[in-house]
Structures are given as structure tokens and as C-alpha cells.
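Everything below concerns the one structure shown next.
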Amino acid sequence: MEETLIEEGETNKDIEVAPALIAVHPTQKSVAVAVGSDLRVFDFQGVSAVSLVDDTSGPFHKDSIRAIRYSADGNLFVSAGDDKVVKIWSTESWCCICTVPSEKRVSAVALSNDSLYVCFADKFGVVWVVDLDGFDGNQMLVNKKAAPLLAHYCSIITSLEFSPDGRFVISADRDFKIRVTVFPKKPLDGAHEIQSFCLGHTEFVSCLDFVFTSDYPQGFLVSGSGDSTVRLWDISSGSLLDTCEVGAKAELLESNGKEEECSLAITDLCTFPDGTLIAVATQSLQGIVLLSCDLSTRTLSITRVVSIMGEAFIPTSLGMSSSAGLLWMVTGVSNLHRFDNPPLARVRIVSGFEKSSPGDPTVLEDNEILGGDKLLEKLQGSVSVEEKVFLAAAEAVKTAMSNLLVKKQYSTEKREFRKRARNDRKIKQ
Amino acid sequence: MLENEANPTLSKSTGLPRKRFYRARAHSNPLSDSHFPVPTSPCHVDFSLHYPQFCSSSDQIDSSKKIQFADIGCGFGGLLISLSTLFPDTLMIGMELRDKVTEYVKERILALRVANPGQYQNISVVRTNSMKYIPNYFEKGQLSKMFFLFPDPHFKEKNHRRRVISTHLLDEYAYALGVGGIIYTITDVEELGDWMKACLESHPMFEALTEEELEADPVVKLLSSATEESQKVARNGGQTFQAVYRRIMPAA
């Protein structure tokens, strides 16, 4: 038994991989994909690949990128990850204006709605804040230091989000918890006033987003979790409004054949700007589940499943611009070294969500994509990508996610066994 | 007391559990993943198991009665037992991370209830990591008193994040405490006393009690006399350092 324990420890390093991420500019001026330490940006205005400029202390990322995000106004872009730096880019010049060091690996980032503050969370549960006050769009910011904002007690923070009205910052962790904190006027002094805790998930919380419309400007929080549900919350009270068993639906689709999975974690979710649709990516599901949210009755329901035909594509991240009505999906993984270098990713787009033309959502073929081969070559790493790469990638991401976030369960015997090896305690026979 | 004869862990004369059968290590790692059940949210906690008498007679008493005092790291439960008779109508709970110690307190309360009918019905204990799961047990503003008596000092700087009082954890305690609620801390380690005082002093949601208020509060006297740990300090003629602060509305 001892041997197996050691083995687990050794293999851990190999399977510690990061999923590919995607982020779309709010008005779809550009789109960014992060795979491993590679950050790839495609600009739609010039219809060309962007080459990033980074003259700050350590250029570019040295390890897997774990979080990318555009600011609400689209002028800034933030990337961060396992190399313990947060990079803030200007989307005008794609120049890195600031590199902020972090003590620990970074697991999530968010920008305040007024783009004055960048928040990032580390793997030890501390959320930090950097102020961008005085940044006029061109100059570089040097020696920016982050100040601690709040902390979850030694838990990995999986997602960070600002409420639509900017009053609250929401943080989710692997201990099933979502914390809603009042975002203070002077964030550098810390955020001490907790508005509520949203408790109800029974596994790690993996993703957060807000649904809001002009009728409900304060919006409602939606969260996805390892317990394979998507839940709807009222953040001011922390009350659970509705629970949608997305995993059960995905399992039904997948059950035509293979082994039975106990529960499929929600990997990412993405709300649509009109506030009623939510796209959900699930482990092992080749496609996405669309949920609709009824804000007047505060309920969630599954509208349909958009399957991806002819290709084994399990999205690892979703992105959406607030204007164009296109849903971007990516799948890929940081370092499956046996396959490729540089790492490959696969991008697909779903269209047909416009309210004006109520057609069925369809997955665009590669030749229908704006930017065409140029875009695919930049974002994917190559125009065509072998399918088996992605099945392996999805599998690797799934194992990595459960290793990182799911609590290890040891049987009583195993725990007793481990205790026996302790030298400060003798078991009387 | 027939059962006691079969159960050697209970003292024959008093019916109380004997500590020697509940030996535990003095420290526990609050960072390790927990393997005990944790309620999903405060409404998932079944308090009728903890306070059977209060819940069965809930017709007369306010049925929405909630726990108001929490003793974080209650140890062997000395404070709870003193408070129980001082505030007989207030529900209070001890939270302890060490499994065996929790078992001891559980047995002790049950034995006290048997020995003193009608008394000690308002106290109970749970095994949990209060640094992680306070919000799983208490709603916002539910508590009126929180106790942190003789916490683990964690001297090494790299272990300071294991201390039960820290600026970030005070945010959570401020969430669980209602406005006007009081947080009591005491230690025999000067360094930790300074640390706890500094954390509370700099926190925008806490203010120190005045000397007169401390004088008038009957609970303050218990801090240095009621718990097993404080009695040990007194026996050895040690010094104690206390910090008592009130939860306030932060200045807007």
C-alpha cells in the first residue's frame, strides 16, 4: 500500500496540466486563447495575428496560464498563472503595461467594472488587488505591488467576479463556498464587510457568472460546480434560488455506450448579454448545454444541447463578446509533451443566438469563420488538428481538475495505516 | 447509573467522563483537509440533536431560537459549563477540531445533564474546523459572543497563517457576529496576545471595550478562571493577556 501512495505522488506532476482558455473582447475586436504558457491573440480589425510586446522585467509567461480576461471597456487584458506573475496588457498596442509579482500561483483574475482595479486570487485563498489609478493608456506602470483584499482560509479560489453594479466582488473556492464581499471605496485597505455566503454546492465551485438585464440590473449569480449542478443565487442574501442538474442531462447523452461516470463536473459557463441564456461546458460532453434563466420566476431550465458533430470536441473554456452573438469554445491542454510542441488547441464557434433571427444554434465550420485559416493557425497553433489529441486533452484536464479540486477520500483502514507510520504515536496491540 | 459500571471511561463517583481516556495531542493542523461531515449551510444543521429539551418544548419558547454564543476551540469545555448556568436561556456551542476532545465534551455534557436534571440543556459541542466552516454553521449576525481562549500560539512565522485570529479570519467572525456582539480573546503567550490585539485594533469592524465595560461584564472574569487551560496557567503562576472587542458598523 505504501508503494501506491508514493506512486500517486510521483505521477501527480505529470498530470498537473492546465486547460486551454479563451476570452473574447467585449465588442469582438479581438479574441485571445491561452494554452500552457502561450498567449495567442487574433485581431479582427486588422484581420491578423497579434504579436505581443512585453518589455517588463520577465517577458511573457514562463508557466501555464490559468486565467485570462478582458476589462469591461475592452481597453485592458489580464493574464496570470502558475509562474506567479499577473500581466496587464493594453489591447490597443498589445503591449504589456505592467507585470505584478504574486507570492503564490494565481488561479483567477477579475477587473473592476470601471477598470481601475485588477484583482487576482492565489492558490492559498488570498485575493489581491492592484490599483491602475493614473494609467492613461500608454505609459508603462512600474513597481506595482498588490495589496491583500480578502481571503478564503487556505482554499484554492477557482473563480472571481464583480457584480454588474460593481458593488460586490464574488469569490468561489474548492471548499464548496461562494463569498460575496462588499467592494470597498479604498480596496487597498482590504475588503472586510462580507455581504453573504452562497452555500449549497456539494463539491468544488468551478465557475461564476452573472445574468442581468435592463429589468434586473443588479443581476443574479450563476455558479457551476463539481457536483454537476448549475445554481442560481441572490447575492444580497446569499439565498439559493434554483438548482439545475446539468450533469444528469449530459450523462444521459453520454451513457449510450461507455462506462458510467459518477458525476461530471461543470468546467465553465458563460452567460449571454441579453441575460436569459447560459452556455455550460461539462466534462465528457461533446458540446454544450444551453440553459435559460427566467428572471421573473428565478428559475433555471435546460433548453437544449448543442452537440458538435463529426469531431470529438469537449470544450475546456467558453467565451462570448457582449455584442456579436457568437459563442466561442476552445479545447486543449498545456503540456501533453508526448504529442506536440507548441501545444495545440482547437477553437469552435457557435452562432445563431441573435434574437432577430431565431434559428437553431449551429456550430460553424472552419471555412465559415471570420478570419478563416489565419485565425485558426494563430489560435490553434495549426490549421488542422488531430482529433486524438483532444480526447487525450479532455481526459488529462479532467484528471487534473479532480486532482486539484476534489477532496481526497481515504478509507478508515488507509488512514489507520498512515497513522501507524507516524513515529509519535504507538498503537497498542 | 447502571451504565457507568459497564463503561470504565465514566467516573464511578461523579458519572463524569474521565479525561485519561480521552487523551489527545495538544495541537491539530487546521490546514489539513477535513474528513468529518460539514453541514452544507446553517439550515442543514439539526439543532434538535444538540438541544433536545429546548427543541421539544419549542412550543412555549421561541421556536426560532438560535445559537448566540460560540466557543471556538472549546477544548475540554470548561468555559461552556460555566457559561451554561450563568446564561441558562442562551444556546451556546463549542467548536473543537480534535476528535477525542470533542467526544469528551459530548460525554461530559450528557453526564452533567443526567446529574443535574433541567440544567446544562443549553450547551453542546461539534467537531469542526472553525477556521473554515463558520459560515456553514451560523447565519449573518447570528452570534452575540465569540470566545477564543488560549488558542494555539503557532510561534513560527511560517505557521502564523494557522493562527485562529488574523485580519482575514476576523472578516468572517465579523460576519457571524451581530452588531454589538463581543469577541473575547485570552492567551498566556505575550507574543500571541500582542498579535491578537493588533489584528483586532486595526480591523475596521471591531472596537475595544472600555475599562468600565470590562469591569461590568461578568464573562470577562471567566476568561482567566473557567477553562482547563486557564487553571493550568493560574497553577503555574503565569501571566495572561486578554483582548475584548465589540463588533461595530464600519465607518462608511
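Glycine is no exception: its Cβ is also placed from the backbone N, Cα and C atoms.
Whatever TrEMBL says is automated annotation, not expert-curated.
TrEMBL lists B:GLY73, B:GLU96, B:LEU97, B:ASN129, B:SER130, B:LEU149, B:THR227, B:GLU228, B:GLU229 with the feature S-adenosyl-L-methionine binding site. Within the same chain, residues at least six positions away from B:LEU97 (S-adenosyl-L-methionine binding site) with a Cβ under 8 Å of its Cβ are B:SER28, B:PRO30, B:GLY73, B:ARG127, B:THR128, B:ASN129, B:SER130. Look at B:LEU97 (S-adenosyl-L-methionine binding site): DSSP puts it in coil.
Sequence-distant neighbours of B:ASP152 (active site) (same chain, 6+ apart, CB under 8 A from its CB) are B:HIS27, B:GLY73, B:ARG162, B:ARG163, B:VAL164. Residues or ranges marked as active site in TrEMBL: B:ASP152.
For the binding-site residues given as B:THR227, B:GLU229, the lowest number of other CB atoms within 10 Å of the residue's CB is seen at B:GLU229. According to DSSP, B:GLU229 (S-adenosyl-L-methionine binding site) sits within a helical segment. Its Cβ taken as reference, B:SER130 (S-adenosyl-L-methionine binding site) is surrounded by 28 other Cβ atoms within 10 Å in the chains shown. When the record's S-adenosyl-L-methionine-binding residues B:GLY73, B:GLU96, B:LEU97, B:ASN129, B:SER130, B:LEU149, B:THR227, B:GLU228, B:GLU229 are compared pairwise by CA position, the greatest distance found is 21 Å. According to DSSP, B:SER130 (S-adenosyl-L-methionine binding site) sits within a helical segment.
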